[in-house]
C-alpha cells in the first residue's frame, strides 16, 4: 500500500486503492476467473467500501493504517478461500467484495436506470428494494447526499454511480457508525443535529401510508413514536441525537422503521421471525 501512496502522505486516494485491489485479484482464489471486461468496474465497487468506512469525512483519501485495521480488508481477504464450494451462496452474497455481490450492485443500478443515462433520478431510485422505501427518505437522500449537476437545466439532481454505492452501503450497514451517520443526516429533517417527536411523526407518516396500502392492520403513529423513544432512551427526553442512536445499539432498527415499510414489518414481526429462525429444519 505504501508503494502505491504516490505522495507518501500515509493516505490512499481512490485510484490508488483501486490499483491495490487490482494487484490482489490474481491472488484471491474466488476472483481469479473474473472476466477481464469487469475488472475495472469491480475495483471501483470494491474500493468504494474502503472509502465509505475509512474516509468517513469524505476527504477523498483513506488512512493506510485505518485500512489495514479495518473489517473491510478482513472481508476482502476472505476471498482467499480456494473453492467457492466451501462458501455458501448466502456468504457470497453478503460479502461486498465477492464477484456475485459486485455483479448484483451493477445489475441493480442498470435495472433502476430506466432512461439509461448513467444516473438515477428520484423517480428511478424510488423503485429500489421493490419500492418499500418512503418518498420523504428518497427526497432527503437527494438533499443530503447527491451533488447538484453542473451541466443541464435547473436544479434537477441525479444520483451518480458513486453516490449510489454510498446509498447501498449505508442501507446494508445500518448498524455501523458510518451507515447510521449517513442515514441520520436524512432523518434530521431540519439539520439541527437531533430528532424531535414531530420529526418522527413526519418520517413515519409515509411508512404508515405504505403499511395501510399493503393491507396491514391500523396503526397508531403515536404508539410507534413512544416505542421508538423507549428503544432509544435518549439522554435528553425531548430529542434523539446520533449519539443516542449509536449508544442504544438499536439505531439501525429505528432507522429501518422510519424509512422502509419492510423494515417496520420486520420489527413488528420480530418475535415470529426469531421463532422461525430457532426452529430446527425437518429432516427429510
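Just so it is clear, glycine is given a Cβ too, placed from its N, Cα and C backbone atoms.
Noted in TrEMBL for the protein shown:
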DOMAIN    1-27  domain 'EF-hand'
DOMAIN    100-135  domain 'EF-hand'
DOMAIN    175-210  domain 'EF-hand'
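When DSSP labels each residue, the domain 'EF-hand' (100-135) comes out as 22 helix, 2 strand, 12 coil, counted as helix, strand and coil in that order. The average pLDDT computed for the domain 'EF-hand' (1-27) is 93.
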